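Colleague: Pasting a structure here, questions to come.
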């Protein structure tokens, strides 16, 4: 269906809030399957029967870690060998059920799981409902239907649990595109992707919090250092602020990814240290601005992997080829945390100090107003000239050499 458009995440959340079933698909390079999803509070016999009739897959009950602990739902196996590490617990039935398999009795079990008064002794195992424990952090940590189900229930203001069921085609194989799209249209069912849900959360969830503010005298001048911590990962970042950023005027700003070798060791294999110095100097001269120092070593692959990439570069690969050879994308960085840091600092619009078009696009996607790009001008040396040319040719970096 070439003219098909996925639903808005807001519409999917509202449908979940109203007790409806929606369709959610994951990535093509993962399961590439669609699941029916609804909230556990609306695990009615009708919804379960619909999933069993049209989905024909295993009806599971994704739950938060808190619910699993409260009800003492233990992992199904000691060693999880599932291809995607789906976190099955022991299967359960509520003690008020008979066989537990009918749509009506599975409804009882699912709804009792989210009952405020539920306790571990209310359930027996094995049973006919299959709880799955969602990762803390949801789809931003694991892009599975388990996490999507719990995230959607939470975003809808409901208990952090739901139902999900894989969808099989009439021939018994898993239904994929475009048949999933056709089904959604025929049943007037909201249909979103997990990627959409990830993007929605990055834009709307509060994913970073400010911890402290302290004076930071530097060789460039005096700045204020604002410390931040990511809510999900605990990763720490710093904003170096000069002057008042909250007056509504556009702010000279830079996102600088941590580079221990360039920033601290003075390595000439990259231009990171020079870019940091140039940005600090320019902001000091202007008397107002901010540098976000993000812990994204090696374009997001980490220090050790960056050094491993250097080894491959010494054997003839370029910086992009080396990252890919190690199993990474050419650039693993994302900028939604940086965008939220800008927002918490009161920054409304920026003149972005960068040569990297991906930073511009990444911040714009988060709704940040970038009024201009200010180039970072550094002189290449014999050790980094080839590296910079590769970034220019393969990654679109905007250099003037």
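Placed from the backbone N, Cα and C atoms, the Cβ positions cover glycine too.
Since the structure is predicted, the reported quantities are computational estimates derived from the model, not experimental observations.
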Colleague: Quick one: which of 246, 319 does Swiss-Prot put in the GTP site with 254, 255, 256, 257, 258, 275, 297, 298, 299, 354, 359?
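Modeller: Answer, per Swiss-Prot (GTP site with 254, 255, 256, 257, 258, 275, 297, 298, 299, 354, 359), from 246, 319: 319.
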Colleague: Measure from the Cβ of residue 35 (D-ribulose 5-phosphate binding site) and count the other Cβ atoms within 10 Å, all protein chains considered.
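Modeller: Around residue 35 (D-ribulose 5-phosphate binding site), other Cβ atoms within 10 Å: 27.
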Colleague: C-alpha of residue 145 (D-ribulose 5-phosphate binding site) to C-alpha of residue 333 (active site, nucleophile): distance in Å?
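Modeller: Cα of residue 145 (D-ribulose 5-phosphate binding site) to Cα of residue 333 (active site, nucleophile) measures 24 Å after rounding.
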Colleague: Might you list, by sequence position, any residue in that chain lying six or more from residue 166 (D-ribulose 5-phosphate binding site) with a Cβ less than 8 Å away from its Cβ?
Modeller: 33, 34, 35, 55, 57, 58, 174
Colleague: Let me know the model's mean pLDDT on the region 'GTP cyclohydrolase II' (204-401).
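Modeller: Mean pLDDT, the region 'GTP cyclohydrolase II' (204-401): 96.
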Colleague: Roughly how many angstrom lie between the C-alpha atoms of residue 333 (active site, nucleophile) and residue 143 (D-ribulose 5-phosphate binding site)?
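Modeller: Rounded to a whole number, the Cα-Cα distance is 17 Å.
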